[in-house]
Amino acid sequence: MTDSALDQLCINTLRFLAIDSVQNARSGHPGAPMGAAPMAYVLWDRFLKHNPTDPKWPDRDRFVLSAGHASAMLYSLLHLTGYDLPIEELKQFRQWGSRTPGHPEYGLTPGVEVTTGPLGQGLANAVGMALAERWLATRFNRPGHDIIDHYTYAIVSDGDLQEGVAAEAASLAGTLGLGKLILIYDDNQISIEGDTDIAFLEDVPRRFTAYGWQVTESIDGNDIDAVASAIDDARADTSRPSLVVCRTVIGYGSPNKAGTGGVHGAPLGDDEVALTREQLHWPYPESFTVPGEVREYLTKAVERGRGQQSDWDNTLSSYRENFPSEALRLQDALNGALAPGWSSGLSGLFDDGRAISTREASGKVMNAISDAVPNLIGGSADLAPSTLTILNSEGHIGPGNFDGRNLHFGVREHAMGAVANGIAVHGGAIPYASTFLIFSDYLRPALRLSALMEQRVIYVFTHDSIALGEDGPTHQPVEHLMSLRAMPGLVVIRPADATETAVAWQAALERTEGPTALALSRQNLPVLDRETLAPAHDASRGGYTLWESEGSDPQVIIIATGAEVHTALEAARTLDSEGIATRLVSMPSWELFDEQPKEYRDAVLPPSNRTRLSVEAGATNGWARYVGLDGASIGMSTFGASAPGGVLLEQFGFTAARVVEEARNLVNGG
């Protein structure tokens, strides 16, 4: 068999494995795999550096299928190149308990680098991966020892490039000059509703040129030599990210459905599958057929990958001998490990007792631990002077400069979250991303994927309530805390003071199985006197008894978060002076509290005590789980207003007098 004939047989094997997977499931997207198979084959066969027997090898190339609906193609590639994905899994495509879900899921299928499906996210994740590679290479590579040296590739679709997050991320990548990022554009000009020209007429190559990318266009997606040449050119230009535009036909080979929206998201049907076999000269009548020549050829990726990793292992051994301290730091970074005693710098940080906003306290914490956590990197969406998230002793990452740890995402919240996800899944860095709490709406899809992928991304959300003041209701979060708490896998922490903020950061960094959102105040708050109150480290349990009347069981339990803890504490002491035994519970994190043993939770909130009042300057939906049907909640049921923060808190009823009144009513059965 000639090389070209073998290439074509491999490509058609990819096509028909995808067709058969979708047909067998009676669900899925066959069109994109049929059109994109040639360029995917070229990339995986001729360029991709990977070891199927060790999918987590640190210096592998990263491949992102941003067009996650083409997952059947990715699973076919993984199976054929020797990953632990037997053909039985392809036969269970989209079924309960399989490792071949409808869209690729990180952590479920070996070789899947990131969860994709929501369009544009994978592209932005790839930017984060390329950024992480460049940052690690700058920090750890030494002359003759390029210990971090790999590319990031992504296949992107028309739909990806229509999403706003893709525009944000591509603009950032061009600005930074991420030259080892290569996107291959499956330009089939079809969307679910039909031809893309009904909604998408822009000149994509010129757009990416304006972003600062190298662009190769007008490549025939079926001309594998042309695709290979374009990828070679992209790899050669390490000063700019590259976009390779491949003109493809969705559903290629299907006589009646190729080039139509009808082949995007539905099986071909038995009759059309038969016709496609004829059209593509596929002589195998049985589904899920892999010709022996194809299996023998493509599984050479295993031997090739082992050799590549062995070469890297030799480089690593030499690196360890010549640069032992750097090698240890690199290993810790790749493992995501925190050094022993990393939090010791937090001791006594707020002993001066000065009133301080929790956003400022957060900034002090970050800088206190900066040296001890050298792989903490991140930034804000052009709000660092307000969110106070600059690492003061560190440099800034920018065009051509990757020595620092301070990132500038620009006014691109959505890309910020998605890029942070890419940094996290790449490994080697702990990313943080910051903006005002109100603008968490702009990055919510990325935050949801942080949670779905269980990635340690720290979101620093400041200006956490109406108390931010004069900027008015457009900037004042109301429903946001509850909205974030509703997201599975996300831990939300709203600390009451500087000392709880230090505990919050410690919890966020030590939590490796998911993202954490810190909700921080704009206004200054007193530092709670821990000589007369419970110790700050109790906040790590999510909720704890901060203060209570002496000598008797509480008649009322007040539960508060954030700045409102101070108002509630004043009210609790007033109630105590009136002879109403009161317990004040600070509950910075529902999620951490719910993780505690039942015995602890019942000790803080005794089931026998149903006289409970929550106080939080946000929506009250959900507080019933803690205050019960007999309790009450002080919160927000409307948007805010434009006025000084103190005036707003008084006008909306966040005063000690209001808390005392509501608590009295509960105790008296009113």
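Easy rule for this one: first residue shown is 1, then count along the chain.
Using the three backbone atoms N, Cα and C, a Cβ is placed for every residue, glycine included.
Annotation source TrEMBL lists active site, proton donor at GLU413. The substrate binding site annotation in TrEMBL covers HIS29, HIS264, ARG359, SER386, HIS463, ASP471, HIS475, ARG522. Here TrEMBL flags HIS69, GLY117, PRO118, LEU119, GLY159, ASN188, HIS264, PHE439 as thiamine diphosphate binding site. Annotation comment: TrEMBL describes ASP158, ASN188, ILE190 as Mg(2+) binding site. Taken from TrEMBL, the feature domain 'Transketolase-like pyrimidine-binding' applies to 356-527. What TrEMBL lists as site 'Important for catalytic activity' is HIS29, HIS264.
Distance between Cα atoms for PHE439 (thiamine diphosphate binding site) and ASP158 (Mg(2+) binding site): 27 Å, as a whole number. On the 0 to 100 pLDDT scale, the model's mean across the domain 'Transketolase-like pyrimidine-binding' (356-527) is 98. If you compare Cα positions, ASP471 (substrate binding site) sits closest to GLU413 out of the recorded positions PRO118, ILE190, GLU413. The record assigns HIS69, GLY117, PRO118, LEU119, GLY159, ASN188, HIS264, PHE439 to the thiamine diphosphate site; their largest pairwise CA distance measures 34 Å. The separation of LEU119 (thiamine diphosphate binding site) from SER386 (substrate binding site), Cα to Cα, is 31 Å.
Checking each of the binding-site residues GLY117, ASP158, GLY159, ASN188, ILE190 against ARG522 (substrate binding site) by C-alpha distance, the shortest gap belongs to GLY117. Straight-line distance linking the Cα atoms of ARG359 (substrate binding site) and ILE190 (Mg(2+) binding site), rounded to a whole number, equals 47 Å. Measuring Cα to Cα from GLY159 (thiamine diphosphate binding site), the binding-site residues that fall within 10 Å are ILE190, out of ILE190, HIS264, HIS463. Cα-Cα distances to HIS264 (substrate binding site) place ILE190 within 10 Å, out of the binding-site residues GLY117, LEU119, ASP158, ILE190. Here the Cα atom of HIS463 (substrate binding site) is found 16 Å from that of the residue listed as 'active site, proton donor'. Put simply, the two farthest-apart Cα atoms among HIS29, HIS264, ARG359, SER386, HIS463, ASP471, HIS475, ARG522, the recorded binders of substrate, are 48 Å from each other.
Among the binding-site residues listed here, namely GLY117, PRO118, ASP158, ILE190, PRO118 has its C-alpha nearest to that of HIS475 (substrate binding site). Of the recorded residues, ASN188 (thiamine diphosphate binding site) and HIS29 (substrate binding site) place their C-alpha atoms 14 Å from one another. A 10 Å cutoff on Cβ-Cβ distances gives ASN188 (thiamine diphosphate binding site) a total of 27 other Cβ atoms nearby, all chains included. Here the CA atom of ASP158 (Mg(2+) binding site) lies 13 Å from the CA atom of PRO118 (thiamine diphosphate binding site). With respect to Cβ neighbours within 10 Å, the recorded positions GLU413, ASP471 differ, and ASP471 shows the lowest count.
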